[in-house]
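Data block below; observations after.
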Amino acid sequence: MSITVKAAGAGVTYVDQRAPISSLLKANLRKIFPDHWSFMLGEIALYSFLILLLTGVYLTIWFKPSMTDVIYNGSFAPLDGIPMSEAYASALNISFDVRGGLLIRQIHHWAALFFMAAMMVHMFRIFFTGAFRKPRELNWVIGGSMILIGILEGFAGYSLPDDLLSGVGVRIVAGIVEGIPVIGTYLMFFIFGGQFPGSDFIPRLYTFHVLLVPGILLAMIGIHLVLVFYHKHTQYPGAGRTNTNVVGFPLFPVYTAKAGGFFFVVFGVTTLIAAFVTINPIWAYGPYVPDQVTAGSQPDWYIGFLDGALRAFPNWESVIWGHTISWNVFLPSAVMPGLLVTVLIIYPFIEAWVTGDKREHHLLDRPRNAPTRTAIGVMAISFYGVLVINGANDIIAQAFNVSFNQLTWFTRIGVFVIPPLMFIATRRFCLGLQRRDRDLLLHGRESGQILRLPHGEFIEIHTPISDEQKAVILSKIDVPVMALPVATDANGVATPKLRAKRRRARWSRAYFGDNVARPTAQELEEAAHHAHEAHAHEVHAHGAGELADAGKDH
Amino acid sequence: MSSDHGKTLSTAEHGDEPAFPLPAHRHRLTDTSPRAARRAERQVAGMFVLSALLIVAFIAAYVAIPTSTFVNLGVIGIVQLSNLILGATFGLSILLIGIGAIQWAKKLMSDEEVTDERHPLGSPQEDRDEALAAFQMGVTESGFVERKIVRRTLIGALALFPVPLIVLLKDMGPLPGDSLRNTIWRKGSRIVIDVTGQPVKPQDMGVGTLISASPEDLNTIQEEQGNQNERAKASIILVRMAPDEIRSQQSPKGATWDYQGILAFSKICTHVGCPIALYQKATHHLLCPCHQSTFDLADSGNVVFGPANRRMPQLPITVDSEGYLVAQGDFQEPVGPSFWERG
Ligand code: HEM
Ligand code: FES
């Protein structure tokens with residue numbers, strides 16, 4: 001036994017007699033984790049969160065969440081003598097009078113951007129591979145909620161320094177809250193401690209940003225990870241991989257080294273980017289003053305879709321019985337994102353209802369094998385994408401020399417037309433890939449070589465695909481389409497819940513009706529037999545020297 | 001394992017037995033050649049050493065570089081030198097630890113894939129039955145079902161328990177009252193230029209000029225209240241047009257709200273409240289930088305484009321005895337974004 005192991009053993013014994021960790025270690029040290037690049041997306045999100053916690057705590061050392069007016073006399077000369085809030089002054093102080101303070105601010109901000117981006121792309125991966133299916137629905141719900149909470153947290157952090165850019169963002173949010181029917185003004189007065197901007201908002205936001213939300217996120221991330229551990233990670237299909245096993249590397253040492261190392265890679269890359277690319281240079285914007293604004297102001301990217309929706313929405317407002325309802329604000333900024341997130345969060349339950357599937361799924365779907373789901377995903381992303389693009393319409397208008405009017409109409413129409421088109425195109429594309437897969441299985445790969453048979457017929461030589469490829473293609477699950485229920489059975493008894501069953505059968509057809517069936521065992525066998533014969537021909541033909549190149553012959 | 005569990009995991013028509021076995025493990029160069037392994041070892045160790053050296057460089061930079069120096073990095077832009085060097089040394093140092101560890105795992109640790117079985121999730125049926133039985137026993141022992149009065153009163157008490165917690169939130173802020181309807185503009189309030197605090201005479205403004213302005217007593221009030229609430233509502237813009245360019249105004253019949261072609265409008269966008277100051281002289285259009293609502297100041301400040309629904313409120317102005325521009329009174333409608341009670 002090496003010294004390391006002896007020392008570790010002594011340590012474990014000490015702890016074990018006070019808290020029985022050996023059983024835990026025994027069960028988990030060699031737990032198997034599958035390996036795939038797309039599994040690193042969630043890791044990036046996790047590590048970015050840890051970096052946010054770490055750098056956030058450093059920022060709290062110097063940041064002063066106060067809206068009290070002070071006169072700046074720190075070392076950034078251009079703002080010397082200017083009145084501003086204490087919050088803004090302290091953020092300037094962090095940037096210019098604390099050595100390395102700017103670096104911490106920059107890492108914090110970049111990590112926030114990566115956190116949101118990684119969560120979102122991670123979610124796409126989960127969606128398109130069907131990793132949200134039973135037993136992982138709860139983790140999908142947690143993940144979807146964390147994206148929403150992350151947006152709020154990011155907005156809160158971004159608003160803390162109280163610079164002109166973020167202050168305008170807060171003003172917009174105040175306007176949005178004010179526009180909520182019935183409770184809007186009360187809500188706004190409660191949030192701001194009175195009228196906008198008041199002097200309570202930044203201190204309140206601070207507690208929200210550094211205590212409340214990080215606490216909630218930490219708890220959610222904890223549950224998320226425990227569940228991942230408990231479920232064991234999903235894996236992609238391939239030779240040797242099934243729904244009931246897990247193939248990969250043990251937690252200790254390989255996964256520990258890779259995942260631990262990857263934390264340092266994420267931290268290192270974030271720090272390097274923070275070193276070279278200045279983000280949110282608050283000193284260039286000046287302090288927030290409610291009657292000033294910077295042109296071309298852009299929110300952080302994850303807010304962009306809301307801004308885009310707000311920009312594109314028609315200017316509807318109604319006054320009913322002396323009450324004003326601002327549809328132009330309420331629908332795009334509260335109802336639309338609310339619906340989007342709700343649909344997102346309940347999607348696994350919708351799909352499970354349509355499939356009627358109660359099995360556990362540990363083997364990931366290939367996106368093509370779930371064409372309707374994949375198409376829904378692409379549709380949702382394109383909807384989101386159109387809004388994000390519209391959020392930058394001022395920049396686009398300038399860069400491409402088009403008018404706001406044209407862009408707005410492009411968005412208003414595009415947001416309804418582009419997603420359905422993307423749905424149709426994606427679905428077709430997936431079905432095409434399914435057909436190709438079936439051909440590959442049954443006939444092998446086209447070798448590009450044409451063969452003339454002795455009796456004059458031309459055939460193209462097909463080479464069988466590898467076992468690995470076969471295993472991947474054969475992972476497809478054929479979900480049976482639910483038959484339309486009959487109104488009365490043979491004995492004339494009416495089918496109970498007929499309408500619900502009909503509805504479900506129709507959904508089932510819409511989801512799975514067009515799927516290309518996996519070849520049956522018999523078809524595969526026949527194909528293998530056929531291939532064998534072709535091979536015999538080939539050998540024969542080679543002898544006759546009649547092999548021609550496909551390109552020349554066609 | 002109960003049989004019904006086995007099923008949930010394995011009723012898939014296929015995929016339980018691998019149709020094809022795991023491909024045979026292929027050895028890496030570092031598995032077969034001790035020299036390659038030693039080279040990989042040296043590489044990894046080299047990264048860790050470099051990482052440590054960079055920490056020393058970081059400390060040197062921390063001591064030596066002032067935070068006030070900036071350098072121009074061309075396309076990347078201007079960056080603070082201290083930020084650049086501290087970040088570069090620290091970042092690279094961290095990155096090297098990461099790359100070193102991953103390299104170690106990839107080149108030197110076993111890369112043979114291991115297969116583990118999955119077990120059905122969830123507890124076995126016996127456990128579930130026992131849990132239910134234990135719960136049943138607890139329910140019986142507590143008398144939760146039979147003792148209706150206790151149960152109902154408990155539920156009642158628990159339902160009221162959060163009420164104080166909600167009531168306490170009441171003092172988060174005052175109620176809106178009519179504060180959203182009023183600004184500090186009064187009859188005779190002098191209009192002063194925002195940046196300089198100078199009052200304005202009509203002859204100071206040529207046709208086509210735009211000035212951001214506010215009431216004269218704004219700063220005093222702001223100081224008294226300790227916040228910028230009044231500024232957020234009272235800010236205005238002054239524009240001057242040739243009187244024949246003005247197609248319409250918000251003034252009722254018989255009233256004059258402009259002064260010789262000088263018009264005053266709220267500066268707060270009626271969409272969601274951004275301050276506006278982008279003015280196109282030729283068209284008299286005022287463009288909000290936030291969501292591009294556009295208002296025609298020559299035509300009562302009406303909306304000509306964008307998501308805003310309402311025109312920009314006009315402030316009635318005139319001149320006082322000394323010839324300075326003053327307000328005739330407050331705005332005749334609430335400024336800024338719409339709200340439920342606005343009507
Ligand atoms: C998911 C988690 C978090 C996100 C997305 C996030 C995001 C942000 C962002 C975008 C900023 C603006 C940075 C800038 O000035 O450019 C910020 C500021 C700040 N954050 Fe966070 N943050 C998170 C967690 C935390 C935590 C856990 C703490 C403290 C314990 C913290 C403390 C602060 C402080 C004090 C500031 C203001 C200082 C400054 O901006 O200079 N943050 N945050
Ligand atoms: S705030 Fe002016 S257009 Fe939205």
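Each residue, glycine too, has its Cβ placed from N, Cα and C.
According to TrEMBL, the features are:
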- A:11-237: domain 'Cytochrome b/b6 N-terminal region profile' (DOMAIN)
- A:44-63: transmembrane segment (TRANSMEM)
- A:109-128: transmembrane segment (TRANSMEM)
- A:140-160: transmembrane segment (TRANSMEM)
- A:172-194: transmembrane segment (TRANSMEM)
- A:206-230: transmembrane segment (TRANSMEM)
- A:262-283: transmembrane segment (TRANSMEM)
- A:329-350: transmembrane segment (TRANSMEM)
- A:370-389: transmembrane segment (TRANSMEM)
- A:409-426: transmembrane segment (TRANSMEM)
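Among residues of the same chain six or more beyond the transmembrane segment (A:370-389), those with a C-beta under 8 A of the stretch's C-beta atoms are 124, 127-128, 130, 301, 304-306, 308-309, 312, 340, 344, 347, 351, 396, 411, 414-415, 418-420, 422-424, 426-427, 430-431, 434, 510-512, 514-515. For the domain 'Cytochrome b/b6 N-terminal region profile' (A:11-237), the model gives a mean pLDDT of 96. Counting Cβ pairs closer than 8 Å to the transmembrane segment (A:44-63), the top stretch among A:140-160, A:172-194, A:262-283, A:409-426 is A:262-283. Comparing A:140-160, A:206-230, A:409-426 for CB pairs under 8 angstroms to the transmembrane segment (A:329-350), the maximum falls on A:140-160. Cβ atoms under 8 Å from those of the transmembrane segment (A:109-128) belong to residues 38, 41-42, 44-45, 48-49, 51-52, 55, 140, 143-144, 146-147, 150-151, 154, 157-158, 266, 270, 273-274, 277, 279-280, 300-302, 347, 365, 367, 373-374, 377, 381 of the same chain, restricted to positions at least 6 beyond its ends. Against the transmembrane segment (A:206-230), stretch A:140-160 has more CB pairs under 8 A than any other of A:140-160, A:172-194, A:262-283. Here the transmembrane segment (A:172-194) has long-range neighbours at 155, 200-201, 204, 310, 323, 325-326, 329-330, 333-334, meaning same-chain residues at least 6 beyond its ends whose C-beta is under 8 angstroms from one of its own.
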